[in-house]
Every structure is written in C-alpha cells, then in structure tokens.
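Below is one structure, written out as structure tokens, with a few remarks after it.
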Amino acid sequence: LQVKYESQRKILQTLASRLEELGIDAQKPGGLCCPLQPVVPSPIINGYRNKSTFSVNRGPDGNPKTVGLYVGTGRGRNIVCVKANHVENIPSKHKQVAQCYEEFICRSPLDSCILFHEGGHWRELVVRTTSCGHTMAIITFHPQQLGQEALDTQKALLKEFFTCGPGAVCALTSLYFQESTMTRCSHEQSPYQLLHGAPHIFEELLGLKFRISPDAFFQVNTAGAQVLYQAIGELCQATWDTVLLDICCGTGTIGLSLAHRVSKVIGVEVVEKAIEDAEWNAAFNGISNCEFYSGKAEAVLPQLLASWEDARPLVAVVNPSRAGLHYRVVRAIRNCRSIRRLLYISCKPEGEAMRNFLELCCPPNPKKKLAGEPFTPVLAIPFDMFPHTVHCELVLLFTR
C-alpha cells in the first residue's frame, strides 16, 4: 500500500507541474495538485478477482495447448504461457475451469490458434464468478475454414464435456461460445452463443442484485467495489434534487447504488448488452429514477448535455477504460455549466487519463472549443482494487 501511495503521489506531482506549464497555480503542499489520502485497502487480498482471462499458447514445456497467462514480450519473442496455479489474485474456481479447458483442448484433434494466419482454432477462456456462487465460462474459437456442421460438432463436444464429462466438476452456471476472427470481438460483431445453462449470472452489491452478461463491465474486485462505491456516494455530496450523470456506466452499478440519494440518474454506456443489464437491474431492484442510453459516450453525451435546460445541479461520475475519455466527452463536460462537481475514477491515471485531467483543468481554449470554465482538482483517494499487482484505482474529485 505504501508503494502504491508513492506512485499515486508522483502522478499528482506530475499533474501539478503540467498544470503549472499551462499557467495554472496548482502547487499544493508536497508539490501535489491536491491533497492525497492514504490508499484504501481491499477487504479481500487473495482470490478476489471475479473475472479472469486465460490465453492458449505454448507452455515452457513446448505444449501448444497450455491454458494460462503470458510471460515475456512480443518484442523479445520469448512469450510462453504458464499455468495460473501459483497466482494469488485468481480464485481456485477460475483455475479449475482453466485446467478443465486445457484437458478438453488437449483431447481435441483441432489445434490451438496461436497466430491467426497459421490456422488452429482453440483460443482464450474467460471465467466470471460471483459471490452468489455462479460461474460463467466463455470460450473463444477461431472458425478458420470450418463449415457449420463441424462447428456444431465442436459446440456439442464442449457442452458434453462440461455437463457430463470431466468438466462437470466446474458446475458451470453458463457456458458460452464465441466464434471470433479478431483479437477482441463484441457481441454485435460476433454473438455470444449460449451452449448450456442460464444466459446471465447474478451478483449482490450494497443490498442490490445485478445481472451480468458475458461482455458487460463489472468491477473485477466485488468487495473492493463496495468500498469504492460507498466512498463515491460520500464524495458526490448529492442531495434530493441532484441529477447524477454516470458516464461509462457498465451494468449501472454506480448509478443504481446511489439512486436513493439523488432525484435522477442518467447512465451512458457503449456496450448494448450492459445497458440491457442496467435496465433490468433498475427494474428488478424497484429503482424508477434511472435512464440509460446505449452508444459511444462521445456521440450520446454532447447531444444529451447540449439540450440540458434542467435547473437541478448535475454531478458527473466517469469510469472509463484505460484508454480514458474521448476528447468530445471531455468537451461536453467542460461546456455544460450545470456540472459543478466531477468524479473521475481511473484504473490507469498515469496514462491517457492524464490528458483528460489537463483538458478538464486548462484555461478556456477557443481553438479546442473548450469554452466552459476550468475544473480544479480538490481531492485524490487511491483504492487498492488490485492487490498483488502494481495497479491502483484513483478517484480524483474536481469542482468548479
């Protein structure tokens, strides 16, 4: 935690000096741009991950059907796939499913797909679990030149293995299959095919029940997410007339957990299935003051905010991927006068998020169409969402 605290301190020092370069007096005690609180620890240290992605590649012993995690680099041409048995943050259930998948593909006459152009079929495995005891497995398969009959045979063999064969010990709630010719493929590009079980798994968080689809975003550390969302609720300083804008809302967890504190929640998310989950989650939990919009935030948000004539104060919460927010999203937030308070949740604050921070805080810039008055960072709180790794979740509170 101390190591992570120091790394977050350096990030805030960097932000302060970058703001100084823009002519903004941002230096606070210690050279930081705002006060930094101690790292909030995770309630669970070992086996906390509710989602794990396993690759298929050559192992140290040369077995091309090893299911595990990559070690090495593409540049160094020394990548091998090692089993995840020793990894502390992955729960035993995930390791069990990975071991069974390896057993299945080792029995299969079809090759693993290591390089797309060299052929082969068996690709990665994603395992998702919940505290309710549910387990979802998603297997990615490169169809290459296989016809429909051959594909149907493979799907039948997979289903049989995990329901009647050795894989039955995994007691899967859901078994999904995706034919994919790309590295990453959305449901819209290539549908997730349910081979066995229920279409969704369910998680409980802060007294609410959440439905999770195969590709929906959900914080990877459920116990840590509860602590994070409670803190966000406090930082929002929301009142009965506040409208909460939940940008990159996933299955709606943040907005729905805070819905009882505010007059209205507006969620925006690019993954269509996640929005379906969010709407189901709202209805199931009896929450009626939420609206969810599906689409790229950079397309949906400017339209939403440009027509915003509501007198109620707006509090925005953004929780983007490592790629950060699209510039048009930042611009829409800057140019919406109603947003006085902004919470930015970043899983990689030293990356693209830093660009967002500077765009939010820089002086008005007509060339960049940044007309609204700048935000000021006022508080930073790191959360240890990823024990056993160098990564940390940083919540930065901006006001204006």
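Every residue gets a Cβ built from N, Cα and C, even glycine.
Residues annotated as active site, nucleophile in TrEMBL: CYS347. Feature annotation from TrEMBL assigns S-adenosyl-L-methionine binding site to GLN219, GLU269, ASN319.
Cβ atoms within 8 Å of the centroid of the Cβ atoms of GLN219, GLU269, ASN319 (the S-adenosyl-L-methionine site) belong to the same-chain residues PHE217, PHE218, ASP246, CYS248, CYS249, GLY250, THR251, THR253, ILE254, ILE345, site residues excluded. Cβ neighbours of GLU269 (S-adenosyl-L-methionine binding site) (same chain, under 8 Å, six or more residues apart in sequence): PHE217, CYS248, CYS249, GLY250, GLY252, ILE275, ALA278, PHE292, TYR293, SER294, ALA297.
A gap of 8 Å separates the Cα atoms of CYS347 (active site, nucleophile) and ASN319 (S-adenosyl-L-methionine binding site).
Of all residue pairs in GLN219, GLU269, ASN319, the annotated binders of S-adenosyl-L-methionine, the farthest apart have Cα atoms separated by 15 Å.
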